[in-house]
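Novice: I have a structure here, written as structure tokens, and I will follow up with some questions on it.
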């Protein structure tokens, strides 16, 4: 390893950790700074900007923002809250299931924010440490990104630059990723339910906070606000949009070829369909379009766009300048030890802070390293099975939903230790990813 390479790695990691320290949109800012230093300072060639990923996130979030204004998101949250409150004894299983399904539907894990206070309340009412259901629920919402039909990460993986170019169809990918990731989260919930200490009244931090009057009494019933008339309609419109995305992507895939002369490629179709869904919600539900940019989902989504811009651009600038070295190192190693790819994706996503950015930065290079093509795709199952490992956003305790869970749990059981990594989300996250990848290695070879 020469001196220049060491310098480049220091700049890469330094920019990432500076971004993590800044938090939020600062991650994207620091990524841009890293690009300047790598190119103008160290002479690297600029990497590609992930426009496809950014624009897919923006278009999906714009539709979700419209649905939120129409009351559709509140409607979904009310349904989820009723399920949790009616079955409080099963909170450790229902909490991750609910956040998983909300993320699958919306394509963003930020929907979990709405469920965090409900999960904490229900757990308190059952004398269960809120940290148990909250930790797996937050992790579940992150892993579900790798199975959502409308997430930027899944769309990229199904595209021509990744698995789509290797002859793997979009429906088959969903048929693998949805059951394996959901099963991974549920098995983790089972292990936590059996092995974790759950008695809230035995927790010393909780007892101390209780004595100091810092813990609110759990609410027995949720109070539901009246929803706008178009709430249910907006959810139906958005759901139809997701179905249309899946059907169109399947119709133009090489496996089905229902549409031979493709005028609108997959990425363009997803963007245009989502924008159309937004337009339909505005017109049919008669919402105030000026309120869309003010919604929490819209703000978090646009923040994600800037983060992906900076971090993915930074990552690609480094990786694209060392493609040959990575190919030489990764090719034989991944072929001989397939699990190493999931380990690499795990650590990369921990730093790049985005499922889509991680996939964009590494997957094309890994495909080249393995020598895969549409006619030579024998090892493609390795990439498909390992994909869930890009969800390690919980390792550094700075992700918004993770911090939200810590702040909203007034019992103090969901906490971050003084050693940074010893927090409530680490073990559940590692277990859920390990099981998801493991199930992927079982199912992927069968279906591919």
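A Cβ is built for glycine as well, from the same backbone N, Cα and C atoms used for every other residue.
Feature table excerpt (TrEMBL):
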type	residues	note
TRANSMEM	28-46	transmembrane segment
TRANSMEM	53-77	transmembrane segment
TRANSMEM	97-120	transmembrane segment
TRANSMEM	132-158	transmembrane segment
TRANSMEM	170-196	transmembrane segment
TRANSMEM	235-256	transmembrane segment
TRANSMEM	268-289	transmembrane segment
TRANSMEM	301-319	transmembrane segment
TRANSMEM	380-399	transmembrane segment
TRANSMEM	419-447	transmembrane segment
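Each of these features: where is it, how hidden is it, and who are its neighbours?
Specialist: Cβ atoms under 8 Å from those of the transmembrane segment (97-120) belong to residues 60-61, 64, 73, 76-77, 80-81, 83-85, 91, 130, 133-134, 137-138, 140-145, 147-152, 178, 181-182, 185-186, 222, 238-239, 242, 296-297, 300-301, 304, 400-401, 404-405, 408-411, 414 of the same chain, restricted to positions at least 6 beyond its ends.
Sequence-distant contacts of the transmembrane segment (419-447) (same chain, six or more residues past either end, CB-CB distance under 8 Å): 131, 134-136, 138-140, 142-143, 146, 172, 175-177, 179-181, 183-185, 187-188, 191-192, 338-339, 342, 346, 381, 384-389, 391-392, 394-397, 402, 405-406, 413.
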Novice: Any contact between the transmembrane segment (132-158) and the transmembrane segment (28-46)? By contact I mean 3+ C-beta pairs closer than 8 Å, pairs at least 6 apart along the chain.
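Specialist: Between the transmembrane segment (132-158) and the transmembrane segment (28-46), contact is absent.
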Novice: By a Cβ-Cβ criterion of under 8 Å, what residues six or more beyond either terminus of the transmembrane segment (28-46) are in contact with it?
Specialist: 4, 7-8, 11-12, 14-16, 18-19, 22, 303, 306-314, 317-318, 320-321
Novice: So if I exclude everything within five residues of the ends of the transmembrane segment (380-399), which remaining residues of that chain have a CB under 8 angstroms from its CBs? That is, six or more out.
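Specialist: The answer is 20, 23, 138-139, 142-143, 145-146, 153, 157, 162-163, 166-168, 173, 176-177, 180-181, 184, 334, 338-339, 341-343, 345-350, 353-355, 358-359, 363, 366-367, 370, 372, 406, 416, 420-421, 423, 425-426, 429, 433, 436-437, 440-441, 443-445, 448.
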